Amino acid sequence: MTTYLLCGARLLGGAPTDVLLGEGRILALGASAAEDDRASSAEVVEAAGLVALPGLVDLHTHLREPGREDAETVASGTRAAALGGFTAVHAMANTSPVADTAGVVEQVWRLGRDAGWVDVHPVGAVSVGLAGTHLAELGAMANSAARVRVFSDDGHCVDDPVLMRRALEYVKAFDGVVAQHAQEPRLTQGAQMHEGIVSAEVGLAGWPAVAEEAIIARDVLLAEHVGSRLHVCHLSTAGSVEIIRWAKARGIPVTAEVTPHHLLLTDELARTYDPLYKVNPPLRTDADVEAVRAGLADGTIDIVATDHAPHTREDKDCEWAAAAFGMTGLETALAIVTSVMVTAGRMDWADVARVLSSAPARIGRIDQGERAQGRPLEVGEPANLTLVDPDARWTVDPAGLASASTNTPYGGRELVGQVRATFLRGRPTVLDGLAVEPVRDAGALP
Ligand SMILES: NC(=O)N[C@@H](CC(=O)O)C(=O)O
Ligand SMILES: [Zn+2]
Ligand SMILES: [Zn+2]
């Protein structure tokens, strides 16, 4: 088997170190790496100046297969993920058919394994058909080959408090987590964008912050009541950050995610009437952006998740009100976190490794190793890692991205931080910023 010697990589942004990868694992670090017998035949990867991070893990990706292969497939979306530095993604359940049975989650898991770009961990639906009335077969999905641990009706809110309570109780049996799309449906009927000064001025129906905050407040209390893990998807308001901060101080087992777009963009962009900026939850105000940045920096918000939501031209190239909600994000996520948090001095690379790898891996229960304990990149750990040029400036070209859909809101924008290489179990899926080949080794290491 080929071994790879990464020369002079800065582990988590530290001093330059050599890293030897082989047999799917990190074989050696530092001076011993180059001296190791197994390094003599290694392929050398020049990594001077590059930061080595543990392979990124996305807890929230829409891969659209089965059902909307015109927007994305497991193969196209996971190739985009590898180019974005990811080695694992959680595939959301709002497919067609919905991933609400063991059969569908196993299908998605197999498609991911066959594609070989990243590990695909299917998310199971909470309710049958995402309809919000009957609990899906959570246990069967958990016990399937896909080993589902994250359950979500994402795209829809589990608004019935009794169903939410039952789901929280049920997933305890297999250490699962319910990931809530927090949106009070009655408060957001017909809503098109954040409710505020801009919505009033442009004349689009408003989506009040309270529609998100009311559900999060209810759900943290439910999680406390039943003693079960709750995860809050794509939190977007200052008030939501306050509620999570309060809940954590109280010891409630809640985790929260923010998307790159909610860390960067605001509702001012709706003035363009360009549906590229139409997303659920909506882009909020400057004050909200500042609150989610502060919440991420102080650990109130646990992770960054992309909510990569590819849509076809037919679904996006139309007037605002008719367009689908969602934007792509796998290939720009790391650069936005770098630009907004690292270059700005609010987070270091160890923090990036936490919010984009170890914390999402732990929430999704996808491995029990050092990475999940927050100590990635140790000898013996799976060789899932990403090399980033921390200073590279690049301009986003929608046509140059690998996703099958082009609905990125960042076209023409200059970002800092570029993925140069991604390794999945010791094999490169990306080298020199280009996709190499998938890893077809039938799954995880023993
Ligand atoms: N985020 C979005 O705007 N859209 C998502 C659904 C979701 O994440 O709620 C989608 O599936 O398109
Ligand atoms: Zn959602
Ligand atoms: Zn989503």
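Using the three backbone atoms N, Cα and C, a Cβ is placed for every residue, glycine included.
Annotated features in TrEMBL:
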type	residues	note
ACT_SITE	ASP307	active site
BINDING	HIS60, HIS62, ASP154, ASP307	Zn(2+) 1 binding site
BINDING	HIS62, LEU63, ARG64, ASN94, ASN280, HIS311, PHE325, GLY326	substrate binding site
BINDING	ASP154, HIS181, HIS234	Zn(2+) 2 binding site
DOMAIN	51-237	domain 'Dihydroorotase catalytic'
Taking the Cβ of GLY326 (substrate binding site) as centre, how many other Cβ atoms lie within 10 Å?
23
For PHE325 (substrate binding site), just count the other CB atoms lying within 10 A of its CB, please.
16
Relative to the Cα of ASP154 (Zn(2+) 1 binding site), which of the binding-site residues LEU63, HIS181, ASN280, HIS311 has the closest Cα?
HIS181
Tell me, how many other CB atoms lie within 10 A of the CB of HIS60 (Zn(2+) 1 binding site), whichever protein chain they belong to?
28
In which DSSP state, out of helix, strand and coil, do we find ASN280 (substrate binding site)?
coil
Reduced DSSP assignment, ASN94 (substrate binding site)
coil
If you skip the near sequence neighbours and keep only those at least six away, which residues in the chain come within under 8 angstroms of HIS311 (substrate binding site), Cβ to Cβ?
ALA71, ALA323, ALA324, GLY326, SER405, ASN407
Neighbourhood of ligand 2 - binding-site residues from HIS62, LEU63, ARG64, ASN94, ASP154, PHE325 with Cβ under 6 Å:
ASP154
Which of ASN94, ASN280 (the binding-site residues) has the most other Cβ atoms within 10 Å?
ASN94
Which of the recorded positions listed here (HIS62, HIS181, ASP307) have a Cα atom within 10 Å of the Cα of ASN94 (substrate binding site)?
HIS62
Cα proximity to HIS60 (Zn(2+) 1 binding site), best match among recorded positions HIS181, ASN280, ASP307
ASP307
